[in-house]
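A.B. asks: So that we are looking at the same thing, I have put the structure below in structure tokens.
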Amino acid sequence: MGSGYQLLQLPRERFRKTSFLVWVIILFQRAISMPLGIVTNSTLKATEIDQLVCRDKLSSTSQLKSVGLNLEGNGIATDVPSATKRWGFRSGVPPKVVSYEAGEWAENCYNLEIKKSDGSECLPLPPDGVRGFPRCRYVHKVQGTGPCPGDLAFHKNGAFFLYDRLASTVIYRGTTFAEGVVAFLILSEPKKHFWKATPAHEPVNTTDDSTSYYMTLTLSYEMSNFGGNESNTLFKVDNHTYVQLDRPHTPQFLVQLNETLRRNNRLSNSTGRLTWTLDPKIEPDVGEWAFWETKKTFPNNFMEKTCISKFYQPTPTTPQIRARRELSKEKLATTHPPTTPSWFQRIPLQWFQCSLQDGQRKCRPKV
């Protein structure tokens, strides 16, 4: 045992030399910020990428591209009963609308027409220029009633409702939307030698019908007590045949359910309403919840901070900032151009004028 122990034990002098070498490597790494391990040309740390993009490459806000990102990528439940629980009514909060340049193709979109018990509408009509989200695989069209305890329907998690290149904080009546957020991509300025070859331009067939390139399937629902704690959702197969939805499900499951009822002659054969209930043994999660389910584990949704904060400096937060909501119409007219609708909020980004001086690029804000 003793000799075996001596074999495993590092001699005192060698231990001192080894520990000294380790400390030298650690201090050396911290001093010059070189990652431990084999350093090659492909070794690039996240902080270096951040500095490369943010410090050296952003010379003009023309390099910023605003994009709409769907919440489906975070793995949220997309069935109607689950989705409607993320929306709620509030009063006294003005709606905000911002534009974005590009977006994703959505797997699930929604279209709501909800009335109060007295027959009045719960949701406002969309402002001029607001059109439905153009790329949806499934459109969940919901009609029904609810208490609607408030003037406008907002997202409880602070997300946007994405329409056609416009994102709003509220839901508009009869207008297809996807849930999402608006983010900025920073595009590096292209070098001149990138454009030596003539770029290939593919012919684009422009059309006013933005949904003509993509197969969209509309699924209809009927909902009662929309916006309440206990809402009831029915999947509409035809005008007289419905299915009670009592647990989360995928749109692919509803498509199969619709085909099964029709193929087996399970539709209502009278003018009365026939409502089916799901067998508890049936698995309603056929297909996919969303096309990027692996992002479910991402924490802190809507709280991501990027280097864009270095360039976009909002107005300092003061107690008077709330008073901006009560500004008179005359003051608002000086804030926005006359051609800008009152519901459209421009994103206040600073433009830069850049020039080369002594071989260095120098930028200053445009006046």
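Glycine is treated like the rest: Cβ placed from N, Cα and C.
Just lifted these from Swiss-Prot, have a look:
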{"type": "SIGNAL", "residues": "1-33", "note": "signal peptide"}
{"type": "CARBOHYD", "residues": "ASN41", "note": "N-linked glycosylation site"}
{"type": "DISULFID", "residues": "CYS109-CYS136", "note": "disulfide bond"}
{"type": "DISULFID", "residues": "CYS122-CYS148", "note": "disulfide bond"}
{"type": "CARBOHYD", "residues": "ASN205", "note": "N-linked glycosylation site"}
{"type": "CARBOHYD", "residues": "ASN229", "note": "N-linked glycosylation site"}
{"type": "CARBOHYD", "residues": "ASN239", "note": "N-linked glycosylation site"}
{"type": "CARBOHYD", "residues": "ASN258", "note": "N-linked glycosylation site"}
{"type": "CARBOHYD", "residues": "ASN269", "note": "N-linked glycosylation site"}
A.B. asks: Within its own chain, what residues at least 6 apart in sequence put their Cβ under 8 Å from the Cβ of CYS109 (disulfide bond), listed in sequence order?
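C.D. replies: Same-chain residues close to CYS109 (disulfide bond) (Cβ under 8 Å, separated by 6 or more) are GLY132, PHE133, CYS136, TYR138, VAL139, HIS140, THR176, PHE177, ALA178.
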A.B. asks: For the disulfide-bonded residues listed here (CYS122, CYS136, CYS148), which one has the lowest count of neighbouring CB atoms within 10 Å of its own CB?
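C.D. replies: Comparing Cβ neighbours within 10 Å for the disulfide-bonded residues CYS122, CYS136, CYS148, CYS148 has the fewest.
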A.B. asks: Could you tell me which of these glycosylation sites, ASN229, ASN239, ASN258, ASN269, has the greatest number of Cβ atoms within 10 Å of its own Cβ?
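C.D. replies: Ranked by Cβ atoms within 10 Å, first place goes to ASN258.
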A.B. asks: If I take the Cα of CYS148 (disulfide bond) as reference, which of the glycosylation sites ASN229, ASN239, ASN258, ASN269 has the closest Cα?
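C.D. replies: For CYS148 (disulfide bond), the spatially nearest of the glycosylation sites is ASN229.
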A.B. asks: Could you find out if DSSP has ASN258 (N-linked glycosylation site) as helix, strand or coil?
C.D. replies: helix
A.B. asks: Please name which of the recorded positions listed here, CYS122, ASN229, ASN239, ASN258, is nearest in space to ASN269 (N-linked glycosylation site), Cα against Cα.
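C.D. replies: Nearest in space to ASN269 (N-linked glycosylation site), counting only the recorded positions, is ASN239.
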